[in-house]
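Taken verbatim from TrEMBL:
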COMPBIAS  515-524  compositional bias 'Acidic residues'
REGION    1-32  region 'Disordered'
REGION    512-538  region 'Disordered'
MOTIF     102-110  motif ''HIGH' region'
MOTIF     411-415  motif ''KMSKS' region'
Amino acid sequence: MIRDDDIETDASVREDARTDGGTSAEGADDVALDPWGSSTISDYRKLFEEFGIEEFDEVLSDVPNPHYLMRRGVIFGHRDYRPVAEAMRDGDPFAVLSGFMPTGDPHIGHKLVFDEIIWHQQQGGDAYGLIADLEAHSARGMTWEEIDKHARDYLLSLLALGFDPEEGELYRQSDNRQLQDLSFELGSKANFSEFEAIYGFDSGTNVSHLQSVVTQMADILYPQLDEPKPTVIPVGPDQDPHVRLARDLAARMRFFKVTEAYASFELTDAERDLVASLYETLDPADFDDDDLRCVHVAQFLDGVTPEELDVVVDAETISSAQTKLNEAGMEPLRPRVRFLDANATDEAFDALVEAIDGEKRRYDEHIDAFDLSFEAADELAREVEVEHGGYGFVAPSSIYHRFMTGLTGGKMSSSIPASHISLLDDPEDGYNKVKSATTGGRETAEKQRELGGEADKCPVYELYAYLLSGDDDEFAKEVYDECVGGERLCGGCKEQAAELMRAFLEDHQEKREEMEELLDDLDISTDSQRRGVAPSDD
Ligand code: TRP
Ligand code: SF4
């Protein structure tokens, strides 16, 4: 129903054009991903090509009972979601976490994320919802009073939609000591120049803003404090820079780096691919030997051009690999897994040597093991790390949803009330907003019957697909087919959508009220009693 190229209109739930520390968008085209800019994403395909986000469709079949947002392509992309899907399928531990900046009312765009958290919780995940109050204060200049009010509203909606606070955890960044400790540790593995490169921060960026980024890194890894586990972070694609940095930091905190190797020296990834393919194809007998030796491979590579090889490789890589192989001379080329010491304590290093089964060789900075698969080695490294006081983080995963188109066309923006529907809107206002929404309809009823409507360009259809149809794919499909088939006219279609929206808001707000008491009993404060002034920025 929703195809790859459906949503051409830039649609972002972020309204704030405030530049806090510049943006990475300068000079780039409109796919630059900027967490604090007004994200304009006009071509989702570029996110795959330029940022390495993967298409969700590719993992869809691995997900047991996928959510309707997955089935309908609203969740369009992911990073490394497979381990989460596998854990879900096998009943292994996994977690879901997302955060909300309390800068305004929660609206139907946030509902997507609420639903994603809740669904993963229902699939057996440890679920976390957090209020990004430090970020709202330092990056958006919200006062603590405003933050407290909005925080309460986000939490009530999350609970009303089905988040189970007994099983899951809700917290505010400012209130969570463990989180702050983790954030401090992670900060020691990040430096300012990275922040410049990733976020466009500069010498005028306020330091609390930096701190809020490190706090978000801690948020993302927080579910793994008990034990390492696959964790999914459902967000909009504007948050991808945060996800990438968190994945990097998770790796930098590890005690050991596990790699595949072929001899005692280190190869780059490209060199390793080359050597791996040669190991598979070359026969030691061709060199009058029982073992394939480094020097044999070097000889073979003499004068070989990239085109003559089965593997994609450049001439430079061939020559650098050849040099290394020549230097190693008669050393046999022999596959092994290597544990590089990154942050290990001496005890952990010794313990790992002990724990490795089969043939192994110990060096100053690394250990080679000859009888372990990469997967087994990776697991062993994590076990030893955790036993010796490390975190053993699994790289966090993410899923990305499309931004909704504004009801008035253009982007959905909190600062244009008619463009979005707040979860707190009076149901009657919600009804009216849908009734006055732009559509993908034709100029006249006649033309519409003849040509059909353009559901793919219609914000009202989006409401059906993203929210109003709920789990009922048949219904969403019916609306789509009737629209493009010319059987459905916009007046009646909007009336139906408006009524459904009104009913949804009535029901949601009733549930919110029922949650007030529960929220007051929870261990999360919506009265922070903090003091502060607006942050400074250039
Ligand atoms: N930066 C996010 C936003 O702008 C909020 C956030 C804070 C968050 N911590 C997080 C999102 C952790 C996902 C995971 O909305
Ligand atoms: Fe949109 Fe409905 Fe009109 Fe189709 S019939 S263009 S879905 S409002």
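Cβ atoms are placed via backbone N, Cα and C, with glycine included.
Caution: TrEMBL annotation is automatic and unverified by curators.
Mean pLDDT for the motif ''HIGH' region' (102-110) in the predicted structure: 94. Within its own chain, the region 'Disordered' (512-538) is flanked in space by residues 19-21, 131, 133, 137-139, 141, 143-144, 147-149, 151-152, 155-157, 159-160, 165, 170-172, 174-175, 202, 204-206, 208-209, 423, which lie at least six positions past its ends and keep a Cβ under 8 Å from the stretch.
The residues of the compositional bias 'Acidic residues' (515-524), classed with DSSP into helix (H, G, I), strand (E, B) and coil, number 7 helix, 0 strand, 3 coil.
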